[in-house]
Number of protein chains: 2
Amino acid sequence: MLEETEQLIDSELTIIEEGDVATPKGFVAGGTHVGLRREKKDFGWLFSSVPANCAAVYTQNAFKAAPLQVTEESISVNNKLSAVIINSAIANACTGKRGVEDAKQTQKWAASKLQIPEHEIAVASTGLIGEFLPMQKIKYGVNNIDIQNDFNSENFNESILTTDKETKHIAVQVTIDNEVITIGGTCKGSGMIHPNMATMLGFMTTDANVEVEDLNSLLKESVDETFNMITVDGDTSTNDMVILLANGESNNQPLCKQHPEWNKFAKAVQHVSRYLAQSIARDGEGATKLIKVKVTGAETKEQNNIIAKTIVGSSLVKTAIHGADPNFGRIISAIGYADITINPTDIDVWLCDHLLVSKGMNVSFDELDLKAKMEQDTIEINAKIGDSSFTSTAFGCDLSYDYVKINALYRT
Amino acid sequence: MLEETEQLIDSELTIIEEGDVATPKGFVAGGTHVGLRREKKDFGWLFSSVPANCAAVYTQNAFKAAPLQVTEESISVNNKLSAVIINSAIANACTGKRGVEDAKQTQKWAASKLQIPEHEIAVASTGLIGEFLPMQKIKYGVNNIDIQNDFNSENFNESILTTDKETKHIAVQVTIDNEVITIGGTCKGSGMIHPNMATMLGFMTTDANVEVEDLNSLLKESVDETFNMITVDGDTSTNDMVILLANGESNNQPLCKQHPEWNKFAKAVQHVSRYLAQSIARDGEGATKLIKVKVTGAETKEQNNIIAKTIVGSSLVKTAIHGADPNFGRIISAIGYADITINPTDIDVWLCDHLLVSKGMNVSFDELDLKAKMEQDTIEINAKIGDSSFTSTAFGCDLSYDYVKINALYRT
């Protein structure tokens, strides 16, 4: 499916690299500094001029943070959202009833300021777990939202970051019903990143008119193929959420699975989702390289997923790639402990297009050439597990000194 | 069970700190340099003057290395072993039929040299995956075994190490049937260490007379409580093995579960097993601190195990502890993604005896005092998940710059 998306880029998809959540018609976004962090922007907002159909997926962590609980309840009212309010620096997780009240209070202030119902407002937080939000600063942020004049969405893209080094955003356009449809997205990483969501906030928007049920299933499928296939450090956060808003400001016929151009739309959403997920992996804490692991041939797609994620999550594989060391034994070992029944003598492994293991046995390879390739900033690992046609791709990053540095000193 | 063992230390157990696999009667061990490594000892042997009853557990990795396959087959003949031949530097894993033939050839040479049947010889290897053993060097090692004159078992303890900084060994004595019974052990770590065995070789010996069936179940139980409760980096190796040999050179009545002093013996074996496992965690690659995570109250023992191992395996917890940072949110987050159904409002968490989370909520604590305690070399995390009486303890280590350094440059 991802491979198909790649082909689509050349033909039907127009990429807007500087695009983001505010590129589709009817969306505006902004961000500012309200004092949760020392200097960096820490408060952001996204607004749709009309209520948008909404789909969302949430962390699987049992300690689901207060803003997620409140957002999930709000979206369940009628699957419509008009605004999202986000803060970085403090996660509002592990904060009990007071955390929930704080998230609701944020909704109330925003409803009053934006003149929309409370349940049309999602709230999201990312940052330190176990601290209460300083509500006066949040209130200041809400009261200064200016949807009429503040059209600098790059401020939004910056405001949601934590240890990310770069903003992460894209937009794509595709023609449906002879209308140009835009899909935009902005997200943040970059620690506590692991399959089944992460310290990851993803916001995707489109001006397409999309039926809410199929919007939901499309988001779930896209997230499973992309955001849920990345790992930075194996830790799954309490605050992850990906939201997809469709406000229908374009004049297309309502999109649903029966629509003849549904697949074109779906692939465009997947492209945005994949681009954002890869950006998170590439900008993982301390990362110097993106690792792409493609696994084929297991008995089920899910088995491929598990093996791909096990390889890309192995600390030993990650450090070997950091050191540009073709230590394929660690790849083999990771395949072996992925807890999937395999036949060792069926396994082939390639690293940067060099065949290293054939039928479970080491083969000779050009080590100098391979080491040179391993200095590049994207490293591809391929593993063939069996003969099925299933394929999965997982994304991750190398494990560096800087990961330790960032995380040994994050809080203090 | 572990707590009971601790109590036993004071009363019934005599600890011989400098003891090892060769301390029990009838065992000798040695080691030397045969040229697999540049300078360090790389070839070791353990010999029992009479065939010993034997129990063994092996890695769960699907790519079980050749020496393990050969050893498992040999032990299955009659559960007797007289010798173990070990090399470090090269794992003889991912080496196909030739790897198996090499392991069998080692057995043949050793059988001829030691005048014992081939199936009474276990072979073990640890080191780089995917390279063949240089058999002339192995042959040299075997031919120079001197069970008559070489009684320096510290050479054995050194010869099996890879990235370990220190040798790991102990012996204990306990009186059974009015006979002093000795149990000794030597092991190595220190990367690819994760539950369900690791790049870990553990050898335990006793001069007790023990029935083989109960020896097997005792080893499995002990390993589950100790070696399988440690993690260094989440990677499970292809070569892990723990062997327990009982040669009966003491004059006790054959020990079995019905023997009135069985529990005393079992606890002594557990003590050795736990000491060795903790030594591996403390000497994990790059480690500066031992982390002990005790989880109580989940609905089953297995659930406690999973939560404890998830906490001690979290890269974010490990880096926080490396930085002496009381970032309890990461502990909470790890509990939350352990994939066990919990009630967040039931959870209490202590770090170095400071209560940080009560009923799922952050509580205030003396941060200066806690940070000072976190500079110590053993860090204890306690989590109460519910009201059951089950308890599990997992062991790990912090994640440091040196872990990355060691593993980015291991092979080259």
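In case you wondered, yes, glycine gets a Cβ from its N, Cα and C as well.
According to TrEMBL, the protein has these features:
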ACT_SITE  B:THR199  active site, nucleophile
BINDING   B:THR162, B:LYS188, B:THR199, B:GLU285, B:ASN407, B:THR412  substrate binding site
Using a Cβ-Cβ cut-off below 8 Å, which of the binding-site residues B:THR162, B:LYS188, B:GLU285 are near chain A?
none
Please identify which of B:THR162, B:ASN407 has the densest Cβ environment, defined as other Cβ atoms within 10 Å, among these binding-site residues.
B:ASN407
Taking the Cβ of B:GLU285 (substrate binding site) as the centre, count every other Cβ atom within 10 Å, in any protein chain shown.
29
DSSP three-state assignment for B:THR162 (substrate binding site):
coil
What three-state secondary structure does DSSP assign to B:LYS188 (substrate binding site)?
strand
Collapsed DSSP category at B:GLU285 (substrate binding site):
coil
DSSP three-state assignment for B:ASN407 (substrate binding site):
helix
